[in-house]
Structure formats: structure tokens, C-alpha cells
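Visitor: According to Swiss-Prot, the UDP-N-acetyl-alpha-D-glucosamine binding site annotation covers T28, G29, G30, N140, R176, S204, I257, Q302.
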Amino acid sequence: MSVYAHLSQTPAHPSARIQPVMILAGGTGGHIFPGLAVAKVLSARGVPVTWLGADGAMETRLVPQHDIPIDTLAITGLRGKGMVKLLGAPLRVMRAVRAAGFVLRKRQPRAVISFGGFAAGPGGLAARLLGAPLLVHEQNRAPGMTNKVLSRFARRVLTGFPGSFAGEEAVGNPVRAEIAALPAPADRLVGRTGPVCVLVLGGSQGARVLNQAVPTALAALGHPDVEVRHQCGEKLRAEAEVAYAQASVNASVEPFIADMAAAYAWADLVVCRAGASTLAELCAAGVGSVLVPFAAAVDDHQTRNAEYLVGADAAVLLKQDDSLAVRLQQVLQTLLTDPARRLSMANAARTLAKPDAAERIADIILQEAGTGDRQPPAVEERAGFGIGKEQQHKQDSMQNSVDGQFSGRSTAAVANLQCRSLFDSHRLAILTPGTFAGGAA
């Protein structure tokens, strides 16, 4: 079997003789940016960082911009792939774990931390097999599938919000230092005159529902004294501009905002989605918000995130449906004319902030880095990074047994067996250290 890992060609860092910390993160900015924030802290302390991601994913474009070497695995997500592909999941996972083990043996990380994403699962399991200290950081209140699995094996489970895992350490989600350094809400908002400044954040891809609902709601209010700055993503820019023009609402429509600290400092109120990183920034900046969770988010995790701020009276939650524009109009009618309420929400958000999250995560990583139980690989493993014939026979027998059980089963029964098979694959790996060192069989 061929190696499913691609090693970075980035030149070694001057501190390459020091064992690095390996970050597992990818797929979305919500996983990648917290990892980058922690990488920045570690690098400032003289600790080298290496990254494991997925071929062709967002991290392959973002991470090299920060001079961090990134290795990749040929892997995609397991959710929503249909029954045929689901049936082959155990074999694909086992191959990916072997490939990840190949990378880990080359990099020899002092510790490994998962922020989530496609490559994090195989990378985390390989770390567990090879004895590298494994940590998990879950950004959302509803944990992702990868971090759910890895939390069972991790030394420490860190979270952005309380209540995600039993035995968690709620350290917060990392935010940019310039956002955390903004003045307190009272220093920014008290005594302001002029239009109410509304910041609309659609995320890097934009949010069509916000492009439509915000102009419609503001137009229905009869052109209030409002100044709008709307970040909409490049693909939806023209659509957003047309929507504001048709509603006769003046707005600055921007595909991307480079200086988010300045944008938050300018804003009296924010209308946005409820991704974990965005909410961490709202709290760090200290600004009230109207949150419209992405309805199709996995496990509805954005609603769970939003409920945390709503429970502290730091935000208003509006669900995405056909009546959104009408309900947004009603909420804005109150908030735009009530500066005391906006200040109260901003102060409540600030009390939830954890501006030192990146520093705390780095501290915990380094605490665990000296407590690994790594065992040196056997001579034959060092030579070939291979898998023994006896172990290969066990895996083949297990797969053939499961395949035989699928015949004549209902869809539900097949899915049930598949989940059990996947669990057995993980258990088999954990019971046989060194099995998935990576490479060719």
C-alpha cells in the first residue's frame, strides 16, 4: 500500500533540532485560525511548530503564509458521503492513521494538539499509538465528530465554551491580540453621537440570508440614522450591493475586512453568524450582537454557541427562516434607539471574554510536552515503517467478516455494523502500538 502522506518541502526552521509541537487543524477557518494563534505564541517562545492537514484544503493555502511547515494526508470527511463510501470507512481510516504515523515518526513532535478537521482524526490516533502527548481543543459548544473521538484518548481536553465535554478545561477560543486590546465598552460607546454604526459580518464566503434580510429590515424602519458596514465575501459582493441599492440604504459593502479590531471599535452593534471564532471576537472586543446561526451547520452547533451569549444577555438570537427580515426589523427598532441596552450587551459580552486563551493553550501544551510515554520503534519498524504479516492478516480477517455481515441487511443495520467496525478499527490500533507507523506494506 502506498504512503498517503505528503511531507512538507519547507526548509527547516533554525530551531529544527528542538522537537516541535504538531498542530492538527483544517477544513475551515474556525479550526485553522485558533491553531495559527497558538502557533504564533509558541513560535514567540522559541518552540518550533509543524502542521498536519489535508491535501488541497484551506490550510494548505493559509499555513505556509506563516512560515509553518505543513504535511498533508489524502483524506476527506466521513459524514454525508453515502452508504457505499461509508462501508469503506474503516479501511480508509486505518490507511490514513498509518500515513499520519509516518509523518509523526519523521517529525517526532513533543506534543500534538487537535483543533479539528479531516486530518486531525488520523493524526490524533497516530499520536496516541506512538505515545506523543495528545491534547484536544474544541471551539464549539457542540463538539465535532473528530474531537469527540480524540477526547477519549487525549491527555487534556480544552474548550472554547464551558459544557462541551465532561472533564474539560474551558480556556476560551484564541483571538487576535489587537482585538483583545480594545478599550472597554464604556470607554468606546458612552457619549457617542451621530449615526448608529452597524457592522454586518457574513464570513469569508458571505451569507446570502444576511445580504437580503439586513437591507430589507433597515428599509422597513424608514431609513433610520444608521451607518452600515457589511462584510459579504467576494462571491456575493455584487448581490449585496444590489440589495442595499434596491432598499435605498447607504452601506459600505466590502468583501473582506483586514483590520477587524478597527471594525469592532467602530461598531455600536454587530449582526452576524455564530461561529465560535466570531463569538470569541465579539466578547474580546466587548460589543453587543444580533446572531443568526447558520441553519445547515453540523449538529446545529452555531445555535448552541449563540445560546451561550444570549444566556448572558450579550446577544439576541434570531433563527434563519422566512420571517427573518421581519423579526430583524423588530429587534433593530429597539436596539438602534436604545444606547443603554447596547452598552449593557457590550459589557455582558466583555465579561465572557478570555483574551489570554492562546497563551493558556500554549502553557498547557508545554506542560504536557515533557510527559510523553513514547517508546522507541523496533528495528524493523524503523527500517520499513511497515505492518507485520500477522497484523495485516488480523485486519483483513476483520474486514472480510464485516463485509460478510452486510449481505442482506437493511440500511440501518448496515450503518450500525459499520459504526461498530470503525470502533473496532480504532480499538485494534490502540491495542497494538507501532502498527500504523505509516508507509508501504
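Each Cβ is built from the backbone N, Cα and C atoms, and glycine gets one as well.
Locate each feature and note its surroundings.
Guide: In this structure, T28 (UDP-N-acetyl-alpha-D-glucosamine binding site) belongs to neither helix nor strand by DSSP; it is coil.
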Visitor: Under 8 Å Cβ to Cβ from N140 (UDP-N-acetyl-alpha-D-glucosamine binding site), same chain, six or more residues apart: give me those in sequence order, or none if nothing qualifies.
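Guide: Listed in sequence order, they are G30, G160, F161, S164, A276, H301, Q302, R304, N305.
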Visitor: State the three-class DSSP label for Q302 (UDP-N-acetyl-alpha-D-glucosamine binding site), counting H, G and I as helix, E and B as strand, and everything else as coil.
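Guide: In three-state terms, Q302 (UDP-N-acetyl-alpha-D-glucosamine binding site) counts as helix.
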Visitor: How big is the UDP-N-acetyl-alpha-D-glucosamine site in terms of the longest C-alpha to C-alpha distance among T28, G29, G30, N140, R176, S204, I257, Q302, in angstrom?
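Guide: Value for the max Cα separation, rounded to a whole number: 24 Å.
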Visitor: Just how many other Cβ atoms lie inside 10 Å of the Cβ on G29 (UDP-N-acetyl-alpha-D-glucosamine binding site)?
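Guide: Looking across every protein chain shown, the total is 17.
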